[in-house]
Structures are given as C-alpha cells and as structure tokens.
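Data first, discussion second: the structure below is written as structure tokens.
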Amino acid sequence: MRNEPQITPDLVAAHGLKPDEYERILKLIGRVPTFTELGIFSAMWNEHCSYKSSRIHLRGLPTKAPWVIQGPGENAGVIDIGDGQAVVFKMESHNHPSYIEPYQGATTGVGGILRDVFTMGARPIACLNALSFGAPEHPKTRHLVSGVVAGIGGYGNSFGVPTVGGQTRFHTRYDGNILVNAMAVGLADADKIFYAAASGVNMPIVYLGSKTGRDGIHGASMASAEFDDSSEEKRPTVQVGDPFAEKLLLEACLEIMAADCVIAIQDMGAAGLTCSAVEMGAKGDLGVDLDLDAVPTRETGMSAYEMMLSESQERMLMVLKPEKEKEAEAIFRKWGLDFAVVGYTTPSKRFVVKHGGDVMADLPIKELGDEAPLYDRPHVASPALPVIHAREVKAPMDIIPALEKLIATPDLCSKRWIWEQYDHVILGNTVQRPGGDAAVVRVQDGPKGLALTVDVTPRYCEADPYQGGMQAVAEAWRNITAVGGRPLAITDNLNFGNPERPEIMGQFVGCLKGISEACRALDFPVVSGNVSLYNETNGRAILPTPSIGGVGLLDDFTKSASIAFEAEGEAILLIGETHGWLGQSVYLRDVCGREEGAPPPVDLAAEKRIGDVVRGMIHAGTATAAHDLSDGGLLVALAEMAMASGIGARLLAAPASIVPHAYWFGEDQARYLVTVPETEAGRVLAKMRGAGVPCTRIGTTGGSALAIAGEASVEVTTLKTRFESWLPGYMGGAA
C-alpha cells in the first residue's frame with residue numbers, strides 16, 4: 001500500500017471523530033484503519049450523513065398517508081397527485097459553505113437539491129428557499145445577502161428552473177451562521193420513480209457527469225462542526241457549481257431512465273463517491289468494489305482519499321443493466337458528459353476500494369451506515385416564558401405610524417429586491433409569483449396546480465420549541481390553504497446549534513414534538529428532510545429554525561386566490577379568533593423594543609376547521625381574495641392586501657374588549673382575511689355563525705387609503721413606497 005499518514009489521536013480528532021467513536025471503528029474492523037478508511041468513516045459517521053444525534057427522534061415523525069409513494073430515506077419524498085402523476089420534493093441546507101463562500105455555497109445548495117429531485121426520475125419545475133441572515137448592521141451581512149442571492153439566482157436561472165417563493169429574515173443570532181435552505185420540486189410519472197438500492201451481482205457501477213477535483217473535500221465534515229474565528233480558512237472545502245453541466249446531467253439522466261437502462265441511481269452529494277457507493281450497496285444488501293483508476297479526474301495525482309471524499313458537483317453514480325451499457329454510454333457522450341465504469345456490485349457485503357493496484361479500503365458496507373453511533377443526547381426543556389398581557393404593554397406610538405414603521409423593518413419589508421433576481425416565470429407555468437402566501441405552479445398543460453411554501457417563525461421556536469414547531473407546520477398549512485390548495489405533505493429542514501448542549505438538544509426535541517403533533521392533526525405527513533446541527537460560532541447558537549416546506553394540490557389552478565383585493569366595495573371578513581396576543585410579536589420587538597414573552601398558542605383543531613372553511617370559500621368562488629395572518633398581525637396583512645392591489649380599505653375601530661394595538665398587531669394563530677362581494681357578506685356571516693366558525697366583518701375595500709375609524713389614515717402608495725424601499729436602500733449602502 002502507498003505511503004499514507006500514520007493514524008494518530010490528533011489525526012482522528014481532525015476527522016471529527018470522538019475517541020469512543022474511533023474505538024468503535026477498531027472493534028468493528030479488528031485493526032487500525034488505513035488513512036483512506038479513516039476518511040470514509042469520518043464521512044459516513046459525521047452528523048451530516050449519519051444523523052447520529054437526531055435519528056432517534058426523527059423516528060416519531062408521521063410519514064405515511066394514502067398519497068405518499070415514498071417517505072424519508074431516499075433522495076427525495078414522492079407523493080401521488082392523481083392521473084398517474086407524482087410530485088418529488090425535498091429541502092436541504094447549505095449553511096456552513098454559504099457563510100464561508102456565499103456565492104458558491106448558495107449555488108451548490110441549489111444544484112444539490114435539484115439533483116436529489118431528478119435522481120428520482122422527476123423533472124424539476126420549481127425551487128424555493130429559506131434564508132436567515134445576521135443583523136443588518138453586522139459588517140458581513142450585506143456581503144452575505146448579496147452573494148447568496150446572486151448564487152441562488154445564478155444557478156437556478158442558468159439551469160432553467162423558476163425560483164417561485166421563500167422566506168428571508170434578519171436576526172443577530174445568525175451573525176456568525178447564516179442559513180441557506182433550498183427546496184426543489186419536480187414532476188414524475190408515478191410508476192417510474194427511481195431509487196438508490198442496487199440489485200443484482202456483478203452489475204456495472206457507472207460514474208456519470210463532471211470530473212472529480214479537489215473541491216469540497218470534507219465538506220460534509222465541515223457541516224458537522226461549529227465555527228470559530230478560523231472558519232474563513234475552510235474556504236477550500238466549499239464546492240464549485242456549474243449549472244450548465246447540471247442541465248446536461250439532468251437531460252442525460254432523464255433520457256437513460258426513459259430508455260430503461262437504470263437499476264439504481266444516487267447523486268454524489270455529501271461525502272461524494274463514498275456516500276453514494278455505500279448507500280447503493282447497503283440499501284441493496286450488496287457489496288461494492290470500486291477501482292479509482294477509472295474515475296474521471298480534472299486534477300493530476302489525486303489520492304484515493306481525495307477521490308473518495310471529493311464533493312465536486314454535477315456527478316451521479318448508477319447501477320446499469322449490463323445489456324444497456326453501450327446505449328447508456330452513447331447517451332452520456334452525446335450530452336458531452338463523462339461516463340466510466342468504476343466498479344461492480346458483489347455478494348460480499350464489503351466496500352472495497354482499489355487504487356493503483358492497491359486495496360485502499362476494505363470495510364463492511366452495511367456497518368458503515370447501520371453501525372454509525374446513535375446518540376440519545378441529554379436534553380432539557382426550554383423554560384416557560386410568561387404570557388405578555390396586552391393591557392400591560394404601553395403603545396409607544398399611534399396605530400398608523402406603527403404600521404408605517406413595521407412594514408419598513410427588515411423582516412416585514414418587501415423582498416422584491418431578492419426575488420426579482422430570480423427568474424420566477426421560466427418554463428411558463430408560474431401562476432402566482434413571489435410575494436403572496438404560497439406560490440402556485442401549473443402542472444404541465446392540465447388544469448391542476450401545485451401550491452408551494454416555506455415557513456417557520458424562529459423567535460417562536462426559541463421562546464417555546466413545542467409551540468414553535470406546531471406553528472411552523474400550521475403556517476405552511478395555512479399558506480397553502482389561503483391560495484386554495486389542499487395541503488398534502490411537507491419536507492423539513494431542521495437547523496439548530498450544538499446538540500451536545502442539553503438546552504440546544506431540548507430545543508430540537510421540543511420542536512420535533514410540535515412538528516409531529518401538527519402533522520398528525522392536519523394530515524400533513526413528512527416525506528423528506530434534512531438536519532443541520534452545529535450552527536453556532538464561538539458557542540453562540542442560531543435561533544432554532546425548523547424550516548417547513550409545504551406542498552399542496554389545486555384541482556383547478558384557475559380557482560386559486562391571491563392576497564390582492566379584487567375590487568372596491570367588497571366586504572372584508574376576519575375569520576378566526578382574535579385575542580390580541582403580543583408575546584413574541586414583531587410589533588412587540590420592533591415597535592416596543594421587547595423581544596420577550598410566550599408565543600401565541602396553536603389550536604390545531606381550530607386550524608383544521610377554519611382552514612377547511614376558507615378553502616371551501618375559495619373553491620366555491622365566494623372568496624375574491626384571501627390572506628393568512630402571521631407576522632405583524634391583522635393590520636400588516638391588510639396593508640399587504642391593499643399594496644398588492646392598489647385598493648384601499650375603510651376599517652372599523654378595534655372592539656372595546658381588546659386593546660387597540662394588540663388587536664391590530666397581535667399574532668393570534670388560525671386566522672385569515674377574506675374578501676367577499678357585498679351581496680354575499682350577510683349570507684357568509686350567517687353561514688359561519690351556524691357552523692360555529694368565528695367570523696367578523698371588519699371593513700370594506702375601496703378608496704386610495706387605509707383608513708381606521710377614529711385613527712389617522714395613510715395612502716396605499718405611501719405604504720408601498722416604505723414597504724419597497726428598505727431592502728434596496730440597505731443593499732445600496734444605506735444604514
């Protein structure tokens with residue numbers, strides 16, 4: 001065997017393995033591992049690939065429903081939408097690389113999630129993202145926003161998939177660890193889904209796509225450790241993406257799938273060739289022999305260690321039907337991509353890697369994954385925070401000035417500056433563009449549409465992880481409902497700090513319990529996801545951020561609702577109960593200067609009952625516009641509806657039973673705003689009363705201003721100018 005470094009405790013630690021984990025390796029293989037084997041174990045046993053801190057808790061998630069074709073465990077989740085069609089989708093993080101090298105980190109995050117989708121045999125039709133940045137005044141924030149947004153747009157636009165929605169937030173807790181969560185959605189034939197499990201002995205294992213370089217080595221390990229002041233030095237571990245190569249890879253993969261060449265397929269993502277080969281073999285209960293001399297490389301003198309751990313982008317591994325090998329090769333050559341037989345399946349259940357005639361690794365394949373450490377880490381529940389009583393909160397300004405301030409804050413202002421850099425209409429199927437509750441994308445040339453959203457409220461999750469987890473799912477369910485969609489399933493991206501700290505693990509466990517309970521109550525299963533831990537720098541963790549990506553179905557996309565008021569003279573109805581909950585509200589934080597209190601409680605039965613009623617109104621054509629209530633509460637939602645349409649509203653005063661600023665800006669859950677024609681208002685209100693659904697008329701659309709009885713009014717154009725100005729001004733250098 002070639003000269004390799006001697007295995008020392010320092011080398012083991014540098015690979016992110018704890019002493020007890022290394023002892024486990026020694027016991028498992030009965031000898032000291034080679035350097036290449038140490039790298040393989042480091043890749044397969046890190047947090048990013050093994051889920052060793054989270055797996056025990058993830059098992060409790062509801063993952064089944066009659067429409068679920070494939071739940072967690074594959075490259076992406078798959079749901080049946082009827083007519084022989086399936087939706088394939090997943091969300092993943094690229095947090096650590098995006099902080100170090102924002103443009104490349106974001107591009108490869110998009111590229112990786114697109115590969116997860118088309119690996120399953122689906123053509124990508126939409127992307128979304130959830131972005132969390134540090135405080136605007138932090139010296140790195142502008143640079144990170146600029147790089148990440150350019151990277152997402154650069155990759156998606158070049159690849160040719162629309163970016164149709166997302167979330168962006170700013171908070172000082174993300175100063176040292178931004179979050180870049182990318183979601184991709186694709187369409188496939190329900191009976192032509194491709195999986196990762198290899199089958200058959202002595203089947204050719206084929207390397208496809210771009211050449212292997214030294215970029216991304218230990219990328220997965222970097223994503224499994226917290227940052228410190230030396231993190232900038234990790235720039236070489238950030239992968240480099242090429243969207244044009246990925247587009248060629250997509251077309252070549254779909255073509256050989258259509259030609260019935262494929263037994264199994266796995267994209268080379270985290271841990272590259274190592275993870276893809278091990279997963280294919282282990283899932284098929286087979287061994288894998290690899291000959292690295294056959295791997296196409298773009299750099300000279302690459303070692304076995306480097307080739308096995310490279311995370312170069314735009315690469316796939318396939319097990320092909322032997323009789324189809326020549327046909328498959330011709331297809332890939334036509335698209336100008338590398339095609340190389342790099343190994344074979346074996347009955348040995350061992351993972352054997354050869355290079356230059358030497359055996360560089362010989363390991364039990366199933367144990368690489370199945371025997372990874374599994375931790376039930378100590379966790380403590382977050383302390384309960386006191387309920388903030390609205391009558392004890394002094395209003396620092398009048399209602400309309402408070403609204404003007406809120407809509408120009410970093411979290412509530414328009415994100416047009418971001419989404420206008422994304423091509424959100426390419427492919428020609430985008431029905432509802434960014435800026436509303438959920439994006440709506442047409443399903444091919446038929447009448448169906450998909451409702452797509454990404455949601456989470458991290459400040460709620462910090463204050464009460466259980467309620468915050470429930471609320472993230474409930475808001476995704478509401479956003480899909482508000483456009484007329486029937487919520488079908490979610491993908492989650494669970495972003496947390498260091499799980500070795502009991503309080504952080506407590507946040508994770510609490511959020512997961514809330515997510516599980518909400519998914520069960522709303523019949524909204526989890527079909528795919530990703531866990532990103534160690535999101536902290538120098539011991540300062542991010543806010544717990546379990547991003548929820550939701551997918552819903554519209555049988556007729558023309559019967560969707562938008563947030564824009566449709567006409568003047570229509571009745572504005574508030575559906576759901578309003579108590580004026582100010583705890584953890586944006587108003588309390590950004591107007592009153594208090595980030596405190598318990599978040600609003602989530603009533604899942606009310607969410608289901610009220611959401612079903614609103615969806616029925618949209619389908620019946622009764623509702624002319626609809627909007628769910630979330631950040632900023634009632635008046636911010638009304639302002640958004642007015643700004644989207646250019647039509648004002650005349651609003652009744654707050655009821656005497658609720659403090660005015662709590663009524664207008666409280667963030668009670670399970671609420672919607674709906675407009676109906678004046679001729680329908682009485683009938684709808686009577687029907688709601690009969691059904692026991694809280695529903696109140698709060699005003700009438702019309703005019704050019706938002707006017708509250710007994711308060712000042714403000715022109716909609718004035719609001720829109722403030723709403724649209726903050727982000728472009730900030731990115732242009734304004735304080």
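Glycine residues also receive a Cβ, built from the backbone N, Cα and C atoms like all the rest.
The shown structure was predicted, so the numbers you read here are calculated from the model rather than taken from an experiment.
Copied over from Swiss-Prot:
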ACT_SITE  HIS48  active site
ACT_SITE  HIS94  active site, proton acceptor
BINDING   TYR51, LYS90, ASP492, GLY529  ATP binding site
BINDING   GLU92, ASN530  Mg(2+) 1 binding site
BINDING   SER93, HIS94, ASN95, HIS96, ARG115, GLN239, GLU311, SER312, GLN313, SER532  substrate binding site
BINDING   ASP116, ASP267  Mg(2+) 2 binding site
Entries of HIS48, TYR51, GLU92, HIS94, ASP267 which, being recorded positions, have CA atoms within 10 angstroms of ARG115 (substrate binding site): ASP267
For TYR51 (ATP binding site): DSSP state (helix, strand, coil): coil
Annotated ATP contacts TYR51, LYS90, ASP492, GLY529, maximal Cα-Cα distance (Å, integer): 17
Residue from HIS48, TYR51, GLU92 whose C-alpha is spatially nearest that of GLU311 (substrate binding site), among the recorded positions: HIS48
Residue from LYS90, ASP267, GLN313, ASP492, GLY529 whose C-alpha is spatially nearest that of HIS48 (active site), among the binding-site residues: GLY529
Cβ-based neighbourhood (8 Å from the centroid) of the ATP site, residues TYR51, LYS90, ASP492, GLY529 excluded: LEU58, PRO72, MET91, GLU92, THR491, ASN493, LEU494, VAL526, SER528, ASN530, VAL531
Those recorded positions of HIS94, ASN95, ASP116, ASP267, GLN313 having Cα within 10 angstroms of ASP492 (ATP binding site): none
Of the binding-site residues listed as ASP116, ASP267, GLN313, the one whose CA lies nearest the CA of LYS90 (ATP binding site): ASP116
Cα-nearest neighbour of SER93 (substrate binding site) within the listed binding-site residues, ASP116, ASP267, ASN530: ASN530
Cα proximity to GLU92 (Mg(2+) 1 binding site), best match among binding-site residues TYR51, ASP116, ASP267, GLY529: GLY529
